[in-house]
Amino acid sequence: MSNTSSYEKNNPDNLKHNGITIDSEFLTQEPITIPSNGSAVSIDETGSGSKWQDFKDSFKRVKPIEVDPNLSEAEKVAIITAQTPLKHHLKNRHLQMIAIGGAIGTGLLVGSGTALRTGGPASLLIGWGSTGTMIYAMVMALGELAVIFPISGGFTTYATRFIDESFGYANNFNYMLQWLVVLPLEIVSASITVNFWGTDPKYRDGFVALFWLAIVIINMFGVKGYGEAEFVFSFIKVITVVGFIILGIILNCGGGPTGGYIGGKYWHDPGAFAGDTPGAKFKGVCSVFVTAAFSFAGSELVGLAASESVEPRKSVPKAAKQVFWRITLFYILSLLMIGLLVPYNDKSLIGASSVDAAASPFVIAIKTHGIKGLPSVVNVVILIAVLSVGNSAIYACSRTMVALAEQRFLPEIFSYVDRKGRPLVGIAVTSAFGLIAFVAASKKEGEVFNWLLALSGLSSLFTWGGICICHIRFRKALAAQGRGLDELSFKSPTGVWGSYWGLFMVIIMFIAQFYVAVFPVGDSPSAEGFFEAYLSFPLVMVMYIGHKIYKRNWKLFIPAEKMDIDTGRREVDLDLLKQEIAEEKAIMATKPRWYRIWNFWC
């Protein structure tokens, strides 16, 4: 089979080096210098000698690269996204902490209480455990792609490149909407969390303004500000969850102030599953799947951050593998403790909202067993978790806007990136949308946010499913173009079958969400309730079909043999890369078996 792609046939003037096509125009661009942090800096970005002038100049736009007008639209997009002006300032420790603790938020700390009430303790382990296997496989697939293509937009660009332009348009717009809506939601959640200490509601707007300003300021420090903030936030969350697990073991064994061994008492009375009939118990398990998926939202941020990391080839695989620990240690063990310490019929869980810190099973477990002071500490951590998600919202949404603009899905102005690597227009638009949080003082607050959330409620599932399909399609393209896995510096431990499993689980969760939307737990069916839970599904379908009609593109997938699997690669010298991989394998072969197994999975 020939290794010559359609891109090479249409562009014979381009250079070819070790099997990789390199556009000759890259050789004529203005000179650049490569500093130790890995960022490409144009000569016109050097300092003027005046700090004030340098500060003003830092907001000026990085000159967009020029591409050959004779190239196809897809080829232009591939080149533009590969030459991202975003800065490479995220270090290994940043990615590690983002992977371990970045997604720990209200879904686990508060939302797990609702899941416990509707499903029971056994349902918690089934729901989070099953969802965790999907998340692990998805992140491993994303890690493989992100190491090869650390390009602008990350996985939001892969969908357009490896699946289909219409799929990328619909999926990526929905992903942008998710984070656009999340910012005001999290700011309001933070202002509600403060009520735990009996704060007067009249100060709600003041707290909204304070939290909004704090999140915006962090992001104005660029990716370095985001990375440092997430490092601190995640470290605090991780320490708290580990501390709770240790405390939970002590309390369960009778070491608390109230004394008395608990063991598996609450698994027998009131029971392991909520509900009186098999049908009710099954519905409870389905509802837990929905909450579990929500709690894992943000797990894909490691892939988005890859394009701004110093050394993605080494840092991204390490960070991706940390997901194993987040799932097993921070989710499964903490939820096991919750199920052992709090019965699913506890009155504090009834009628609680997803942002009510008093309804956090972590707080309830501590309060119930007579420990004073710690509930306030946990509430502070919940507040930090909420602000962490808000911080990630501006980061993810602004970068997604840049990628959408580079793919011609948004006006070109949204691709504005200044000399400090900040997507200023994206940050400004996302921050402005966050001002909707001031509706917190309105009586219609709940209704407004329910419908805002409905617009992107299933966004994470679409994103995760899209990543799995991208990985499957990429592997098919390698085979179709006569390329081997030996040119991959990092291969997903779960392989392509892991992506098939992840896609299967995403479909199962869509079905579970549909079932719960039609037949809600503890409530009667209603059209309003259904669309609040499932509105984003028809919305994505409308965007997908609408784009197909507009572009008159009726192909389901880009043919595997025509996919561009070269532009944007981190390493262009495949022979050198293969040699380095062989050396790394030889070194690993000298290690003990237990270490090799550990390194493969973790």
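The backbone N, Cα and C atoms fix where each Cβ goes, and this holds for glycine too.
Straight from Swiss-Prot, the features:
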{"type": "CROSSLNK", "residues": "K76", "note": "ubiquitin cross-link"}
{"type": "TOPO_DOM", "residues": "1-95", "note": "topological domain 'Cytoplasmic'"}
{"type": "TOPO_DOM", "residues": "117-121", "note": "topological domain 'Extracellular'"}
{"type": "TOPO_DOM", "residues": "143-165", "note": "topological domain 'Cytoplasmic'"}
{"type": "TOPO_DOM", "residues": "186-204", "note": "topological domain 'Extracellular'"}
{"type": "TOPO_DOM", "residues": "225-237", "note": "topological domain 'Cytoplasmic'"}
{"type": "TOPO_DOM", "residues": "257-280", "note": "topological domain 'Extracellular'"}
{"type": "TOPO_DOM", "residues": "299-321", "note": "topological domain 'Cytoplasmic'"}
{"type": "TOPO_DOM", "residues": "343-376", "note": "topological domain 'Extracellular'"}
{"type": "TOPO_DOM", "residues": "397-421", "note": "topological domain 'Cytoplasmic'"}
{"type": "TOPO_DOM", "residues": "473-491", "note": "topological domain 'Cytoplasmic'"}
{"type": "TOPO_DOM", "residues": "511-529", "note": "topological domain 'Extracellular'"}
{"type": "TOPO_DOM", "residues": "549-602", "note": "topological domain 'Cytoplasmic'"}
{"type": "TRANSMEM", "residues": "96-116", "note": "transmembrane segment"}
{"type": "TRANSMEM", "residues": "122-142", "note": "transmembrane segment"}
{"type": "TRANSMEM", "residues": "166-185", "note": "transmembrane segment"}
{"type": "TRANSMEM", "residues": "205-224", "note": "transmembrane segment"}
{"type": "TRANSMEM", "residues": "238-256", "note": "transmembrane segment"}
{"type": "TRANSMEM", "residues": "281-298", "note": "transmembrane segment"}
{"type": "TRANSMEM", "residues": "322-342", "note": "transmembrane segment"}
{"type": "TRANSMEM", "residues": "377-396", "note": "transmembrane segment"}
{"type": "TRANSMEM", "residues": "422-442", "note": "transmembrane segment"}
{"type": "TRANSMEM", "residues": "452-472", "note": "transmembrane segment"}
{"type": "TRANSMEM", "residues": "492-510", "note": "transmembrane segment"}
{"type": "TRANSMEM", "residues": "530-548", "note": "transmembrane segment"}
Can you find at least 3 Cβ pairs under 8 Å between the transmembrane segment (422-442) and the transmembrane segment (166-185), where each pair is 6 or more residues apart in sequence?
yes
What is the average pLDDT across the topological domain 'Extracellular' (257-280)?
85
Given pairs 6 or more apart, does the transmembrane segment (377-396) have at least three Cβ pairs under 8 Å with the transmembrane segment (166-185)?
yes
Note: vs the transmembrane segment (166-185), the recorded stretch with the largest number of Cβ pairs under 8 Å from 238-256, 281-298, 452-472, 492-510, 530-548 is 452-472
Can at least 3 Cβ pairs under 8 A be found between the transmembrane segment (122-142) and the transmembrane segment (281-298), with each pair 6 or more apart in sequence?
yes
Quick check: do the transmembrane segment (452-472) and the transmembrane segment (530-548) share at least 3 Cβ pairs under 8 Å, counting only pairs 6+ apart in sequence?
yes
Interface-richest range of 238-256, 492-510, 530-548 toward the transmembrane segment (281-298), CB pairs under 8 Å
492-510
Summarise the topological domain 'Extracellular' (257-280) by DSSP state, stating how many residues are helix, strand and coil.
10 helix, 0 strand, 14 coil
Lying 6 or more residues past either end of the topological domain 'Extracellular' (257-280) yet within Cβ distance under 8 Å of it, the residues of that chain are 117-123, 251, 339-345, 369-371
Near the topological domain 'Cytoplasmic' (143-165), which same-chain residues lie under 8 Å Cβ to Cβ, leaving out any that are not at least 6 residues past its ends?
74, 77-78, 80-82, 84, 86, 171-172, 175, 300, 302-307, 309, 312-313, 316-317, 319-321, 399-400, 402-404, 406-407, 463, 466-467, 469-471, 473-474, 477, 488-492, 547, 551, 553, 555-558, 563-564, 568-570
Can you break down the topological domain 'Cytoplasmic' (397-421) into helix, strand and coil residue counts using DSSP?
14 helix, 1 strand, 10 coil
